[in-house]
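What follows is one structure encoded as C-alpha cells, with my remarks underneath.
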Amino acid sequence: MMSHSVSLTFPDGSVREFAAGTTGRDVAESISKSLAKKAVAIAISGELRDLSDAVTEGRIEIVTREDKRALELIRHDAAHVMAEAVQELWPGTQVTIGPVIDNGFYYDFAKNEPFTPDDLPVIEKKMREIIARNKPFTKEVWSRDRAKEVFAAKGENYKVELVDAIPEGQDLKIYYQGDWFDLCRGPHMASTGQIGTAFKLMKVAGAYWRGDSNNPMLTRIYGTAWHTQEELDQYLHVLAEAEKRDHRRLGREMDLFHFQEEGPGVVFWHGKGWRIFQSLVAYMRRRLEGDYQEVNAPQVLDKSLWETSGHWGWYRDNMFKVTVAGDDTDDDRVFALKPMNCPGHIQIFKHGLKSYRELPVRLAEFGAVHRYEPSGALHGLMRVRGFTQDDAHIFCTDEQMAAECLKINDLILSVYEDFGFKEIVVKLSTRPEKRVGSDELWDRAEAVMTEVLQTIEEQSEGRIKTGILPGEGAFYGPKFEYTLKDAIGREWQCGTTQVDFNLPERFGAFYIDSESEKRQPVMIHRAICGSMERFLGILLENYAGHMPLWISPLQVVVATITSEADDYGREVAERLRDAGLTVETDFRNEKINYKVREHSVTKVPVIVVCGRREAEERSVNIRRLGSQAQTAMSLDEAVASLSAEAMAPDLKRRSNSRKSV
C-alpha cells in the first residue's frame, strides 16, 4: 500500500509529517517565508537535493546560501553559467564536462581555435549578464533516445557520448537555466541570481577528452567562486602570496635545486640545496638518538618479497620494475625499486631471535624510495618520483602499542614546533573498502587508535584539533594523519602513525614472550616529515625563502665597503666559521647597497658589513633580510649572538639542560 505521508526529522529533533509529493521549498515555506526566500537547496540525511525535489523520509536540513555546503552549489552553478556564456559568445562551441574541484570549478570546451587568457574577461562579463537575468534552474528527466537526438541535433557529440555512458536504469537529468540546458546530475540552486558576483575565471589550459592522450585536445577554463567578495579577495591574496612563495621559483633564486627532462620527478640538488637538506637530516637524526636504531635496507628487492607484503598486488602500478640481464639463474627474476621501507625493516627485525624483553624495537631509516607518478602530477619538490622518507617502524607488544603511539605523537609535535608550525590537526583514517587483514585485526587496531586520539586531544587541552577520516586508511592498517597549517593558511598533510597487525603476520615475524611462546609483534609505521624533499618545499614556502638561521643554506655573507677592510673582513668570516656558521665573503668592487640587494634576492638572512671604521673599532654592522635596520656591535658580540641564533632548537635545549644541572 502506498504511503500518503512522509516523516521528516528536523535539526532540533522534532518530527513532522508531510504529504507525499511535498517539495523542499514547501517544507521551507511551512517554517517561514523568510527561510524559504533564503533557501537554495535541501539536505535529506546529508545528501544535497534541489529545492524542487519531493522530500523523502529522513533528516531534513534547509540549506541557505550562507551554509558551507552551498559553496559547492555556487561553484557548480557558476560552471553552468560559464558554459552558457561561452556558447552565447562563440556559437558552435561544444561543452563537455564541468565539475566542481577544490576552491573552484572548470569546464572543458571543444572549439576550433582554443581560448586564450584574453578571452576570460569577455566570458566573465557575459556570465555577470546571465546571473543578472536570474533565470530559474529547472529539471527534466529525459529518455536516453530523446537526449541523444537533441544533443546530436545541436552538434554536441561529446554529450551524446556522455549519454551513452550513463548506466541503464539511471535517471537522465537535464537542467535548464532559461532556454539554455545541459546534461547534469545536479543538484542546483533555485536560480542563477543566487550565484552572486564573487567569482573569477583564473586560467586556460589544454586537456585531453577523458584524460586520454589518444583523444582530441580540448580547452579547459578554470574558475573560482565564493560566498562573498571578501572571501574571493582573500583567496586571490593567498594565491598571490603562494606564487611569491613558490618553492620552484625560490629554488632557482636561491640556487638550491633543479629538475630536467632526463630525470623526471627526481631532484638535482645544488650545493646550497644539499646543505639545507643535510641540515634537515642531521636535525632529524639527532631527534632519534637514544630511542631508535638507524638502519638501511636495500634499494632493489625481488618481487617475491613485494608479493609477500601485498604491495605487488595493491601497489604494483606505482612501482618501478627492474629486470636483470645476468647469469642463467637471474634471467627470469623481476626486481623492483622499493616504494616503501617497511618490508625491508621486517627482514632486519626477523634477523635473530627477539625476546619480549627487547621490545619495543625501533628501526629508523632515511630511506630513498621510488614511486611512479604520472608526469602531469609532478610538481617540484612537492610531488616527485624519487624521494627520501624519514621512516621508522616500531615492533612492540599489544600492551605497548598505545604508549608507543603517544610517544611518537610527542616527537612529531615537538619537531613541528621546532620548525615553527603551531596549528596542527590529527585525524584517524579508518579501514578502506579494499584492504588486507581480517575485520578482527582492524577492529583491534582502530579501537586502540581511537583511544590514543582521545588522549592526544585531552593532553593538548584543545590546542591540537582531532577528527576521523572514514575509509581513508592504508590497505594494511588504520593511521593517524598529521596536518600542518602554514604562514598563509594552507594545510599540508605530513606525518603519519600507522598500526599494522597484518604485515608481521604475512612475513612470519615473531618474538618470544614470557612463557617462551612465539608471539606476533605489533608493527607501527611512522613518518614525521614524510618525504624530506616535500617537507623542505613546505618550509621554503612557509618562510618565503627566509629560513630560520639555524637551517638556512647560507647563514652569513661578510661584505666590505672598501678594499681597505678586506683583511678585516676575512678575519670576521673566519671567526664566524670557527663558531660554526656557514659564511661567504663578498669583497667585490661594488657599492654596498648593490651587494645587499643582490644577496637579499638569494635570501641570505644576515649580511655583516665591514668598512674602514669597523676595522679600526673591531666592530661590525649587521643587516637582516627584509629589514632596513642596521645594528652595530663588537665583533665578539656579533660572533656570540649569531652563533647562539644559528644553533638548532634541539641543541639549544640540550645546552640549556646542561647549564641548569
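Just so it is clear, glycine is given a Cβ too, placed from its N, Cα and C backbone atoms.
Record features, source Swiss-Prot:
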type	residues	note
BINDING	Cys342, His393, His525	Zn(2+) binding site
DOMAIN	1-65	domain 'TGS'
REGION	246-548	region 'Catalytic'
Next item on the list: Could you put numbers on the helix, strand and coil content of the domain 'TGS' (1-65), residue by residue per DSSP?
Entry: 14 helix, 28 strand, 23 coil
Margin query: Averaging the per-residue pLDDT over the domain 'TGS' (1-65), what integer do you get?
Written below: 91
Item checked: Proximal but sequence-remote residues of the same chain as His393 (Zn(2+) binding site) (Cβ under 8 Å, at least 6 apart) -> Asn341, Cys342, His345, Ile346, Phe349, Arg362, Leu363, Met523, Ile524, His525, Arg526
Checklist line | For His525 (Zn(2+) binding site), the number of other Cβ atoms found within 10 Å of its own Cβ | finding: 23
Check: With the Zn(2+) site defined by Cys342, His393, His525, which remaining residues of that chain have Cβ atoms positioned within 8 Å of the Cβ centroid?
Finding: Met340, Asn341, His345, Ile346, Asp391, Ala392, Gln498, Asp500, Leu503, Met523, Ile524, Arg526
Next item on the list: Look up His393 (Zn(2+) binding site) in the DSSP assignment and report helix, strand or coil.
Entry: strand
